[in-house]
Amino acid sequence: MADVLSRFNSGKLWDFKGGIHPPEMKSQSNSQPLRHLPLGTDFYIPLKQHLGTTGNLLIKEGDYVLKGQALTKGDGLRMLPVHAPTSGTIKSIKPYVATHPSGLDEPTIHLQADGLDQWIERNPIDDFSTLSPEQLIHKIYQAGIAGLGGAVFPTAAKIQSAEQKVKLLIINGAECEPYITCDDRLMRERADEIIKGIRILRYILHPEKVVIAIEDNKPEAISAIRTALQGANDISIRVIPTKYPSGATKQLIYLLTGIEVPSGARSSSIGVLMQNVGTMFAIKRAIINDEPLIERVVTLTGNKIAEKGNYWVRLGTPISQILSDAGYQFDKHFPIFAGGPMMGLELPNLNAPVTKLVNCLLAPDYLEYAEPEAEQACIRCSSCSDACPVNLMPQQLYWFARSEDHKKSEEYALKDCIECGICAYVCPSHIPLIQYFRQEKAKIWQIKEKQKKSDEAKIRFEAKQARMEREEQERKARSQRAAQARREELAQTKGEDPVKAALERLKAKKANETEPTQIKTLTSEKGEVLPDNTDLMAQRKARRLARQQAASQVENQEQQTQPTDAKKAAVAAAIARAKAKKLAQTNSTSEAISNSQTAENEVEKTKSAVEKTEENSTALDPKKAAVAAAIARAKAKKLAQANSTSEAISNSQTAENEVEKQIVR
């Protein structure tokens, strides 16, 4: 910190590497005083005009609003509000073309002016020191002030983040880019208000040194600031050489102190804070006049504009209307740029509105603009590296961007590129290096945003898992406490702990299971000691009887539920008859009479079974038929062995007749 101040106090100016001296072209617009354009009828106010997040709407369609009324609100210093540039009615809130080279739409408020230009109630003050630094920062935030030098970073957030670190406060009045003269004219005409805004910021930050840096090509502005200071020594002026891009933050700090801001760090890390002169004017108007940021100075220049100069322009005014009021000669062959020729953005749609970012509208003719030359191969001449004010290697970054080697692009400090456009300006191969670098930055940003969202999702998932585990543990703890309470209650009412009693019963059961089994013995006739298996044999006998009884029950059940197949039984009987006839021819003993009678009885039984079957059911049971046939064959075989007389033939014939009758039936 002290090193920064000692170097600054030496009064020496350092020169940064690289840089160029393009034609200034500032005389087109800096000779005329600040003017106002006619109040328009339609204003398009984007909800987000700063580097940060969009505020929350305070109005709806059809509402009547006054000039300076807040249309959105935020919940943090980086969520700046936007305000009504005039009084009128809210016609719609919907997407509208953005002031961006992409030409995409963004959420926008359409305000139709009533022509009265009526302010909201304001509370101006004369002495800002009656308010605390915190109150002043809050008022700056409520006024919606963002950096008007081009970065549009929320001013209140920038001040608060550096509040305890600032030793050197630099007010940037360099305005180094060609054509642009809005800061020059503002310093010439509103120097008193700029100085008051600087003193408000000094009161908030308490820096040891405050300096206004102005390029030496603005003698009128330098004189006006000196006059406004009236010999005061609390603010000093440093006149710096005209060189592009001396107005860039890191380059101007190096010019005044000889110290480089570390890569990836902010200027506040070395005790320096920088603000634009236009921002100082806006701070004064917000604190002293109680006016939010609803207008800014815009340079209208280029040979296609008849009334060149610097104008007070209400934010939200369509660019087409501004150009028309300034005498713009429309020509589709020549584009319109928002900003200067080095860092400006080509506008695809002139219906886009002026925002806090727009400091210049450039409308060149054929003498100032030509179609880009055809891109050729890089010849590695090192012109871009020699001219780069940030000590980068644009030719290497070009190859990395083309091959989408994002890791190498970051290793070669692409993020430090200030997009000043010098590399493309000096390139003999007409390579649009800035376009490549902007696209590469956008791709890297998208990759990091995707990774950031993935990490956030992982954190949320892990937090959810931890919460679920915690809730599960709490649930178990509640269950344990409830169980303990029940045990204590039972112990008090019944005199014993149920859990303890259950454990004792379990222990007793295990003890019984482990006791040795007593083996019974008996003594034989010979005096030998033998195991007594009486109980075991009785158990076996009981199990055998149980199995037999179960089988008998199953058989009886099957006989009751499954009827005999009459046809199968008849066939079996016929087979038995044939075998009996064959056997009867060889048997002739008198015993055949009795056996033949037995066969007749069997036939009668079969007949009875068939009749019973026909009475009970018409269903067929193949299994029963097979059993009946087997029984008939066995009985026929037995009869054949006993029959030996000739009478058996007659009896067998009789049996055959009976079977045939049965079949016929």
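Glycine too: its Cβ is placed from the backbone N, Cα and C atoms.
Now, the feature entries from Swiss-Prot:
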BINDING   Cys378, Cys381, Cys384, Cys427  [4Fe-4S] cluster 1 binding site
BINDING   Cys388, Cys417, Cys420, Cys423  [4Fe-4S] cluster 2 binding site
COMPBIAS  465-477  compositional bias 'Basic and acidic residues'
COMPBIAS  485-513  compositional bias 'Basic and acidic residues'
COMPBIAS  554-564  compositional bias 'Polar residues'
COMPBIAS  585-600  compositional bias 'Polar residues'
COMPBIAS  602-615  compositional bias 'Basic and acidic residues'
COMPBIAS  643-656  compositional bias 'Polar residues'
DOMAIN    368-398  domain '4Fe-4S ferredoxin-type 1'
DOMAIN    408-437  domain '4Fe-4S ferredoxin-type 2'
REGION    465-568  region 'Disordered'
REGION    580-623  region 'Disordered'
REGION    637-665  region 'Disordered'
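Here the features listed in Swiss-Prot are painted onto the structure.
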residue: Cys378; record: [4Fe-4S] cluster 1 binding site; Cβ contacts under 8 Å, 6 or more apart: Gln395, Tyr398, Trp399, Ser429, Ile431
residue: Cys381; record: [4Fe-4S] cluster 1 binding site; Cβ contacts under 8 Å, 6 or more apart: Pro428
residue: Cys384; record: [4Fe-4S] cluster 1 binding site; Cβ contacts under 8 Å, 6 or more apart: Pro394, Gln395, Ile422, Cys423, Val426, Cys427, Leu433
residue: Cys388; record: [4Fe-4S] cluster 2 binding site; Cβ contacts under 8 Å, 6 or more apart: Lys17, Gly18, Pro394, Ile422, Cys423
residue: Cys417; record: [4Fe-4S] cluster 2 binding site; Cβ contacts under 8 Å, 6 or more apart: Val390, Leu392, Leu397, Phe437, Lys441
residue: Cys420; record: [4Fe-4S] cluster 2 binding site; Cβ contacts under 8 Å, 6 or more apart: Tyr244, Pro245, Ala248, Met342, Met343, Pro389
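Fewest Cβ neighbours within 10 Å among the binding-site residues Cys423, Cys427: this applies to Cys427. Using DSSP to sort the residues of the domain '4Fe-4S ferredoxin-type 1' (368-398) gives these counts of helix, strand and coil: 10 helix, 0 strand, 21 coil. Broken down by DSSP into helix, strand and coil, the compositional bias 'Basic and acidic residues' (465-477) contains 13 helix, 0 strand, 0 coil.
DSSP assigns Cys417 ([4Fe-4S] cluster 2 binding site) to coil in the three-state reduction, placing it in neither a helix nor a strand. DSSP assigns Cys427 ([4Fe-4S] cluster 1 binding site) to coil in the three-state reduction, placing it in neither a helix nor a strand.
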